[in-house]
Amino acid sequence: MSKGKKLIIGNWKMNPASLEKALRLAKEISKYSKYSRGKTEIVICPPFVFLSAISKKIKKAKLGAQDVHFETNNTAQTGEISPLMLKNLGVKYVIVGHSERRMLGETNEIVRKKIGACLKHAITPIVCVGESKRDESGNYLSFVRTQLEEIFSSIPKTALPKILIAYEPIWAIGKSAMREATPAESNEMAIFIKKVLSDLYDPKAVGSLRILYGGSVNIKNAGEFMKDGGVDGLLVGRDSLDPDNFKEIIKSVN
């Protein structure tokens with residue numbers, strides 16, 4: 001992870017349908033890295049099945065994965081991918097705790113174990129946290145506090161500079177979104193995340209902590225979130241599958 005650089009991370013989820021399309025998309029995005037002007041690190045997170053082929057084709061973008069298993073050794077885990085496998089493919093980043101993984105039963109304890117597994121193999125974990133709904137009484141803050149306290153309870157403070165936290169307001173994502181989140185709401189949560197971790201560790205420990213925003217980022221709001229959202233980067237979903245849109249996001253950030 002390059003210190004001081006902004007980050008734009010594309011999460012392809014379960015797309016595209018073929019290797020041919022995946023390679024074409026990866027080449028386009030890697031080419032568009034020139035618009036970052038050396039100030040932004042571009043990361044693409046394709047499905048596991050495309051990682052090997054894409055790792056040989058991209059030069060200017062970094063490679064990420066969408067998930068990992070917390071076992072660091074080659075054990076009997078049917079269908080799982082170890083951090084060592086990912087490291088050997090050139091993967092530098094891994095998304096952990098995404099809301100779509102949590103819907104399948106991923107707990108804060110599992111997320112914590114995955115962070116440890118990533119760090120053991122010098123992979124930067126992108127730790128997703130966020131509430132499913134907002135309420136006027138502020139219970140959403142308590143929910144995120146619990147996530148952070150349970151996830152980071154045994155993570156040493158020396159590891160914080162090697163971890164990214166992505167704020168993912170679930171209520172603002174996908175077709176069932178209540179509405180779009182605002183940069184002000186992102187900024188509020190970025191401040192709150194740092195406050196919680198300051199309480200867990202100390203203010204100095206979170207000084208280098210980097211926070212991303214990841215809630216339905218698109219070409220219209222990317223620049224606003226980077227300007228006023230209190231974040232160091234963006235986790236992009238749908239628009240990372242459209243090279244032209246992703247290019248415009250990169251340009252708007254820079």
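Including glycine, each Cβ sits where the backbone N, Cα and C put it.
Nobody curates TrEMBL annotations by hand; they come from automatic prediction.
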Looking at TrEMBL, which one out of Ser52, Ser55, Ser137, Ser216 binds substrate in the same site as Asn11, Trp12, Lys13, Gly174?
Ser216
Taking the residues Asn11, Trp12, Lys13, Gly174, Ser216 listed for substrate, what is the greatest CA to CA distance in Å, to the nearest whole number?
14
If you draw a 10 Å sphere around the Cβ of Lys13 (substrate binding site), how many other Cβ atoms fall inside it, taking every protein chain shown into account?
15
In the structure shown, which of the binding-site residues Asn11, Ser216 has the fewest Cβ neighbours within 10 Å?
Ser216
Which of Trp12, His98, Glu168, Gly174, all recorded positions, has a Cβ with the fewest other Cβ atoms inside 10 Å:
Gly174
Cβ within 8 Å of the substrate site centroid (Asn11, Trp12, Lys13, Gly174, Ser216 excluded): which residues?
Ile173, Val236, Gly237, Arg238, Ser240
Between the Cα atoms of Trp12 (substrate binding site) and His98 (active site, electrophile), find the distance and write it as a whole number of Å.
13
